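One structure is given here, and the rest of the page talks about it.
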Amino acid sequence: MTATLERRSSQGLWDRFADWVTSTNNRFYVGWFGVLMIPTLLSATICFVVAFVAAPPVDMDGIREPISGSLLYGNNIITGAVIPSSNAIGLHFYPIWEAASMDEWLYNGGPYQLVVFHFLIGVFCYLGREWELSYRLGLRPWICIAYSAPVAAAAAVFLIYPIGQGSFSDGMPLGISGTFNFMFVFQAEHNILNHPFHMLGVAGVFGGSLFSAMHGSLVTSSLIRETSMEESQNYGYKFGQEEETYNIIAAHGYFGRLIFQYASFNNSRSLHFFLAAWPVIGIWFTALGISVMAFNLNGFNFNSSIVDSQGRAIYTWADIVNRANLGMEVMHERNAHNFPLDLAGTESAPVAVGNADLNG
């Protein structure tokens, strides 16, 4: 008998690290994208929490009137936010080392850029990590394609819109009330409710919710019972089983009779592709709408679009919306602008009919 002994090739530190990063046997898959994702998302999260709790007021409008957004400066969970960086900074990259002091960096809203940039890099890497794990497991790439919709939406409001408007002070504040303020101002300045891409986005989000509820309720209503009446039907499912867990024929027949025959899918794969594609395409259009409105390609404007035989305007709901837009625009940055651009751009009307006699 002959025994052959081979010396085990010793792996270097880098090789062991690479094997650990790309191993699909780990409880948590890291991946090469994860090597960048983990530190960036941790940095964004830590900075967001600290800024939300303790950041001093920020001169967002660049007019020396700071706005407080942290909890320690009088806000609560609803009104608190990480305030966008100052309009005086504009689109300049503003890391800590660009400021003369930490106080100046905080006053000009430096934490906002730190959070947003690290967050965007992190979610981009999360998307890449989804693709990477799918590739290593032999899956198709639809998971990361679906996730690209919220990533595109985040990039639109945090990056593309500020670039189009010329300042990161126009980005969405990182808070609940700040988000609503961003929405109101966006409507006032761009009439987003009358933009077709926003309409497609609304159809995608609400339609996706409706289809998800319909699908879940149909499946739950047509489960194949594998248990006794005393046990929950959920116990009849075994993870990895080959048999169908619900009767798609019964669900198809029910829904086809409830609406009409061709409103129901008889192919499970087509059905689930539709459930994924509908909201994803809708959110893609929303992100595209934000991106084009960033460069002032705004929603439709129906100002006084209906007139009578005498040429007088017949006001419609569109005119009511336009008036609401003007009101919101007046309230926005009230100390920086006395009137919205729609009014300030017209010729000035004289205050008095004639010159006042100063000599009395």
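Even glycines carry a Cβ here, placed using N, Cα and C.
Within 10 Å of the C-beta of His118 (chlorophyll a ChlzD1 binding site) there are 20 other C-beta atoms, taking all protein chains into account. Annotation note: His118 (chlorophyll a ChlzD1 binding site) sits in a helical segment as assigned by DSSP. For His118, the entry in Swiss-Prot reads chlorophyll a ChlzD1 binding site.
If you look up Swiss-Prot, you'll see Tyr126 marked as pheophytin a binding site. According to DSSP, Tyr126 (pheophytin a binding site) sits within a helical segment.
All protein chains shown were included, and the count of other CB atoms within 10 Å of the CB of Glu189 ([CaMn4O5] cluster binding site) stands at 20. The feature [CaMn4O5] cluster binding site is assigned by Swiss-Prot to Asp170, Glu189, His332, Glu333, Asp342, Ala344.
Sequence-distant contacts (6 or more apart, same chain, Cβ under 8 Å) of His198 (chlorophyll a PD1 binding site) comprise Ile192, Thr286, Gly289, Gly299. The chlorophyll a PD1 binding site annotation in Swiss-Prot covers His198.
Following the DSSP three-state reduction, the secondary structure of His272 (Fe cation binding site) is helix. Residue environment of His272 (Fe cation binding site) contains 13 other Cβ atoms, counted within 10 Å of its Cβ in all protein chains. Among the features that Swiss-Prot reports, Fe cation binding site is placed at His215, His272.
According to Swiss-Prot, the site 'Tyrosine radical intermediate' annotation covers Tyr161, on the basis of sequence analysis. Of all the Cβ atoms in the protein chains shown, 22 others lie within 10 Å of the Cβ of Tyr161 (site 'Tyrosine radical intermediate').
Per Swiss-Prot, site 'Stabilizes free radical intermediate' is recorded for His190, and the stated evidence type is sequence analysis. Close to His190 (site 'Stabilizes free radical intermediate') in the fold, though at least 6 residues off in sequence, lie Met293, Asn296, Asn298, Gly299, each with a CB less than 8 Å from its CB.
For the transmembrane segment (29-46), the list of distant contacts is 20-23, 114-116, 118-119, 121-123, 125-126, 128-129, 132-133: same-chain residues at least six beyond its ends, Cβ to Cβ under 8 Å. The annotation transmembrane segment is assigned in Swiss-Prot to 29-46 (among others) on the grounds of sequence analysis.
Per Swiss-Prot, the feature transmembrane segment maps to 118-133 (among others); the stated evidence is sequence analysis.
Packing against the transmembrane segment (142-156) from elsewhere in the chain are residues 119-120, 123-124, 126-128, 130-131, 134, 276, 279-281, 283-284, 286-288, 290-291, 294: each is 6 or more residues past its ends and has a CB under 8 Å from a CB in it. Here Swiss-Prot flags 142-156 (among others) as transmembrane segment.
Annotation source Swiss-Prot lists transmembrane segment at 197-218 (among others). Only residues 6 or more beyond the boundaries of the transmembrane segment (197-218), in the same chain, are considered here, and those with a CB under 8 A from a CB of the stretch are 251, 254-255, 271, 274-275, 278-283, 285-286, 288-289, 292, 299.
Annotated transmembrane segment per Swiss-Prot: 274-288 (among others), in sequence order.
You'll find the Cα of Tyr161 (site 'Tyrosine radical intermediate') roughly 22 Å from the Cα of Tyr126 (pheophytin a binding site). Considering only the binding-site residues His118, Tyr126, Asp170, Glu189, His332, His272 (Fe cation binding site) has Tyr126 as its nearest partner by CA-CA distance. Cα to Cα, Tyr126 (pheophytin a binding site) and His118 (chlorophyll a ChlzD1 binding site) are separated by 12 Å.
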